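**Q** One structure, pasted below without further comment.
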Amino acid sequence: MKFAEHLSAHITPEWRKQYIQYEAFKDMLYSAQDQAPSVEVTDEDTVKRYFAKFEEKFFQTCEKELAKINTFYSEKLAEAQRRFATLQNELQSSLDAQKESTGVTTLRQRRKPVFHLSHEERVQHRNIKDLKLAFSEFYLSLILLQNYQNLNFTGFRKILKKHDKILETSRGADWRVAHVEVAPFYTCKKINQLISETEAVVTNELEDGDRQKAMKRLRVPPLGAAQPAPAWTTFRVGLFCGIFIVLNITLVLAAVFKLETDRSIWPLIRIYRGGFLLIEFLFLLGINTYGWRQAGVNHVLIFELNPRSNLSHQHLFEIAGFLGILWCLSLLACFFAPISVIPTYVYPLALYGFMVFFLINPTKTFYYKSRFWLLKLLFRVFTAPFHKVGFADFWLADQLNSLSVILMDLEYMICFYSLELKWDESKGLLPNNSEESGICHKYTYGVRAIVQCIPAWLRFIQCLRRYRDTKRAFPHLVNAGKYSTTFFMVTFAALYSTHKERGHSDTMVFFYLWIVFYIISSCYTLIWDLKMDWGLFDKNAGENTFLREEIVYPQKAYYYCAIIEDVILRFAWTIQISITSTTLLPHSGDIIATVFAPLEVFRRFVWNFFRLENEHLNNCGEFRAVRDISVAPLNADDQTLLEQMMDQDDGVRNRQKNRSWKYNQSISLRRPRLASQSKARDTKVLIEDTDDEANT
């Protein structure tokens with residue numbers, strides 16, 4: 001592998017600009033070689049002066065890069081030292097509190113189940129758990145910094161070696177010895193000491209001396225590009241997707257030849273439509289995950305996932321394919337129910353019952369950690385006013401806004417099984433056209449409108465909670481106003497529908513109000529998508545016209561196509577209203593809704609790419625590469641002390657004027673000496689060397 005590719009694959013994305021600009025140096029060297037005057041047409045002194053002038057410029061650029069790397073490394077190392085001292089203080093405090101309350105100094109002797117502990121013991125248990133997670137994330141940050149150190153040194157060695165080869169000189173090697181090999185970022189070995197001390201602390205204080213268990217907890221995933229999925233996972237993805245395609249073809253043929261024309265298929269479509277949208281969403285989320293990894297958008301950090309254990313795009317494809325097969329089989333079983341002893345209405349219950357069981361399955365199988373993370377996230381979303389709202393919380397609530405049809409179809413299914421289904425008929429899900437009452441899919445009894453507002457309500461109260469926590473009216477209250485327009489839009493749609501059915505004279509009043517609020521909502525959300533969520537139309541965009549100063553994805557066309565797509569699908573409702581209000585075709589509203597619901601899921605899929613890109617660039621601006629695990633809250637005294645430390649002569653000053661350093665943990669100058677500190681072991685992370693000159 002060429003070193004440029006190796007460097008690109010192994011850098012920490014949030015620190016990209018702080019690495020050696022290897023490709024820029026290569027371009028400088030090759031340009032100088034191509035533009036050099038030929039010895040055949042000019043004298044030798046002119047050629048020497050040309051290369052001497054180039055070398056002066058080249059080494060000046062090297063000095064700037066070296067200064068940048070030294071400064072950044074020193075800043076991150078100082079941050080790591082402060083963080084380590086804080087974690088040691090918190091650990092010592094937890095151990096002291098544990099000793100006072102239980103009379104036991106080690107964690108080994110605390111074997112009571114969590115639900116048998118007192119409130120104080122529960123708090124201590126939670127603190128220890130948080131400390132384990134905090135040390136794990138801290139260790140990851142140390143490995144990233146060590147990787148930064150090794151990659152930059154290798155980069156300087158490679159580019160200076162290439163310099164000497166092209167210019168046929170040894171001045172590059174001399175410059176490396178005189179400058180790089182004595183640079184603080186290379187000579188400083190404190191990072192290795194911190195790694196060893198962290199391993200020792202976790203082993204002796206948190207894992208009862210079990211080094212194997214400690215290293216399993218601290219294990220860092222391979223740095224670099226996404227690792228290939230296990231062969232069996234890849235096999236299952238291909239198998240499931242192939243079966244799903246074949247079953248879909250079978251479904252189309254069965255629908256053509258098996259369905260009876262005197263039967264209404266809409267109850268069946270409404271019941272199975274939500275399942276299809278969920279499968280589509282999972283599949284597109286897999287594509288999102290793949291795209292983020294390829295572009296270097298660190299979605300693992302953004303969603304605060306465990307970097308050591310999380311679902312890849314292959315796993316999401318596998319789940320989507322498996323559920324897709326079950327969905328097709330269930331629908332096929334409904335078509336062929338007349339020749340079986342099982343009534344039609346059993347199959348949807350079996351399908352969705354299995355999906356629910358798959359999600360809440362308490363055994364540690366079938367991606368237990370990921371399912372548990374999703375359940376916790378769903379709980380936080382539906383109890384939004386009582387928790388601080390993180391990125392993953394409002395991201396999931398935004399997804400629910402695009403999946404509102406699933407909630408409405410779930411409400412329809414419950415209503416249909418409760419009020420409309422004829423349990424004594426084997427074809428209960430395919431009633432006669434004359435017998436379809438049509439109560440459940442209308443706004444008549446009010447529940448449907450409430451269900452339609454639930455996703456917008458969740459985001460609305462999340463915005464209010466964020467305003468309460470930050471006291472910032474913009475953007476949180478303004479964003480809440482965006483979601484509040486949905487309430488008016490749904491209300492007037494419901495009033496228009498019910499008044500139209502009853503033939504009231506004021507029907508058109510509600511129709512016009514519905515249209516007005518639909519326009520307001522669409523314009524509001526479109527502007528917010530493009531400007532706030534995606535960060536586009538930045539006045540400092542420079543050559544990236546109508547975009548932003550920095551973009552992650554390689555082609556500008558992606559952004560322009562996404563803008564056009566968002567505009568079209570945000571106003572697709574105009575087509576729906578035009579058709580339903582002018583045509584006499586029965587079930588025209590259901591037909592349009594069935595067509596546009598998957599398109600809305602697709603719109604959210606595109607939105608996800610650019611929303612996470614914008615969040616990733618925010619993390620890059622703050623050089624945030626690991627999760628901030630809060631062990632103890634930061635109070636006013638701690639904040640003052642932190643600012644004093646930042647202003648000390650031996651401290652590292654913030655180089656970004658518009659940014660203030662914030663830590664979620666208490667800061668203390670006291671650094672207690674734990675027993676584990678005398679047992680530190682050296683740990684090294686090997687960076688693949690690519691010494692062959694052909695590979696540079």
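In case you wondered, yes, glycine gets a Cβ from its N, Cα and C as well.
Pasting the feature list from Swiss-Prot:
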TOPO_DOM  1-228  topological domain 'Cytoplasmic'
DOMAIN    2-224  domain 'SPX'
TRANSMEM  229-259  transmembrane segment
TOPO_DOM  260-264  topological domain 'Extracellular'
TRANSMEM  265-296  transmembrane segment
TOPO_DOM  297-309  topological domain 'Cytoplasmic'
TRANSMEM  310-337  transmembrane segment
TOPO_DOM  338-343  topological domain 'Extracellular'
TRANSMEM  344-365  transmembrane segment
INTRAMEM  366-383  intramembrane segment
TOPO_DOM  384-388  topological domain 'Cytoplasmic'
TRANSMEM  389-422  transmembrane segment
BINDING   Asp398, Asn401, Lys482, Tyr483, Arg570, Arg603, Arg604  phosphate binding site
TOPO_DOM  423-429  topological domain 'Extracellular'
TRANSMEM  430-471  transmembrane segment
DOMAIN    439-643  domain 'EXS'
TRANSMEM  473-503  transmembrane segment
TRANSMEM  507-534  transmembrane segment
TOPO_DOM  535-553  topological domain 'Cytoplasmic'
TRANSMEM  554-585  transmembrane segment
TRANSMEM  588-626  transmembrane segment
TOPO_DOM  627-696  topological domain 'Cytoplasmic'
REGION    673-696  region 'Disordered'
MOD_RES   Thr690  phosphothreonine
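Could you place the listed features in the three-dimensional structure?
**A** Note on the topological domain 'Cytoplasmic' (1-228): its mean pLDDT in the predicted model is 85.
Non-local neighbours of the transmembrane segment (229-259) in the same chain are 265, 312, 314-315, 317-318, 321-322, 324-325, 328-329, 331-332, 335-336, 430; each lies 6+ residues outside the stretch with a CB under 8 Å from one of its CB atoms.
Counting same-chain residues at least six beyond the ends of the transmembrane segment (344-365), those with a Cβ under 8 angstroms from any Cβ of the stretch are 271-272, 275, 278, 323, 326-327, 330-331, 333-334, 337, 371, 374-375, 413, 417, 421, 423, 426-430.
Beyond the transmembrane segment (389-422), the same-chain residues lying 6 or more positions past its ends with a Cβ under 8 Å from any Cβ of the stretch are 267, 270-271, 273-274, 277-278, 281, 302-304, 345, 348, 352, 377-378, 380-381, 428-429, 431, 435-437, 439-441, 447-448, 451-452, 454-456, 458-459, 462, 465-466, 469, 593, 597, 600-601, 603-604, 607, 611, 615.
For Asn401 (phosphate binding site), applying a Cβ distance below 8 Å and a minimum sequence separation of six or more within one chain yields Pro455, Ala456, Arg459.
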**Q** Can you tell me which parts of the same chain pack against the transmembrane segment (588-626), counting only residues 6+ beyond its ends and a CB-CB cutoff under 8 A?
**A** 12-18, 72, 76, 137-138, 140-141, 144, 266, 269-270, 273, 276-277, 280-281, 284-285, 287-288, 291-292, 295-299, 301-302, 391, 395, 398-399, 402-403, 405, 441, 529, 533-536, 548, 550-553, 558-559, 562, 565-566, 569-570, 572-573, 575-576, 579-580, 656, 659
**Q** Which residues does Asp398 (phosphate binding site) neighbour through Cβ under 8 Å, counting only same-chain ones at least six apart?
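**A** The answer is Arg459, Arg604, Trp607, Arg611.
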**Q** What are the non-local neighbours of Tyr483 (phosphate binding site), defined as same-chain residues 6+ apart in sequence with CB under 8 A from its CB?
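**A** Looking at Cβ-Cβ distances below 8 Å from Tyr483 (phosphate binding site), excluding near sequence neighbours, one finds Ala456, Trp457, Arg459, Phe460, Cys463.
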**Q** For the topological domain 'Extracellular' (338-343), how many residues does DSSP put in helix, in strand and in coil?
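**A** Split into helix, strand and coil, the topological domain 'Extracellular' (338-343) gives 2 helix, 0 strand, 4 coil.
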**Q** Using a Cβ cut-off under 8 Å and a sequence separation of 6 or more, which residues in the same chain sit near Lys482 (phosphate binding site)?
**A** Ser521, Tyr524, Thr525, Trp528
